[in-house]
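According to Swiss-Prot, the protein has these features:
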type: BINDING; residues: 32, 35, 51, 54; note: Zn(2+) binding site
type: DOMAIN; residues: 28-295; note: domain 'CoA carboxyltransferase N-terminal'
type: REGION; residues: 1-20; note: region 'Disordered'
type: ZN_FING; residues: 32-54; note: zinc finger
């Protein structure tokens, strides 16, 4: 330290005095994956992870999704929350499956990729489930299938509609056939709901692929998709390499699927709550829904 620096007040810097680095809290700013805009984290969260600049629907966590659906300040009950995955096959690729489970649980704060809850939507009972893509890409293993089936059973017991928000890369390869059998298990659970005359609404979000798209995600009485969501069994690059042809622009996006009759409608995330409330009330032959706090 020079003699001049010793005489200078602490708040004044000379040209050669290094500036102190200011620490920015992690997650305070996020970058839109579509337009590249820098977005203030708390405001983005309040906007349901939709970019205010370009309206791009970014990934949203499962609990945030469900909290935005159910009536505020009302009790919700989580279904099969105690279930956690096990490495029954002692599977190992670059890492052991058990290590991947622990890492995903630590990173996401969840035991597995599907959260299911029972609550009310504008005063009417509802069971809903949502995928958390932050847990191993929302892959479907035994716990996901069991939670989905139990959620359908709760809807059957209560006599209410069931809604599922899908965001998944498909079946979890580390569980082998245990994962693939969940396709049949979840489809059978929906069959029991159908026999009881209870509606099931499937909401397909980005991305919905693999075994999830080939089972319960496309079995809704009404299939709704968020804008520009990737929906399909195999990805477009895999299909192009297989058929050796260039795919049409927008292939497998929700708008393409709507134009070709594969889904029923596209709904902005901000309007999903009202849309689901209207549809479930109509299908259950209930009065037009009103907000719980306005009733």
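The backbone N, Cα and C atoms fix where each Cβ goes, glycine too.
Those same-chain residues not listed among 32, 35, 51, 54 yet with C-beta within 8 angstroms of the centroid of the Zn(2+) site C-beta atoms are 33, 34, 36, 37, 39, 52, 53, 55, 56. Listed binding-site residues: 51, 54; maximum Cβ neighbour count within 10 Å falls on 51. Under DSSP, the residues of the zinc finger (32-54) split into helix, strand and coil as follows: 6 helix, 4 strand, 13 coil. The average pLDDT computed for the domain 'CoA carboxyltransferase N-terminal' (28-295) is 95.
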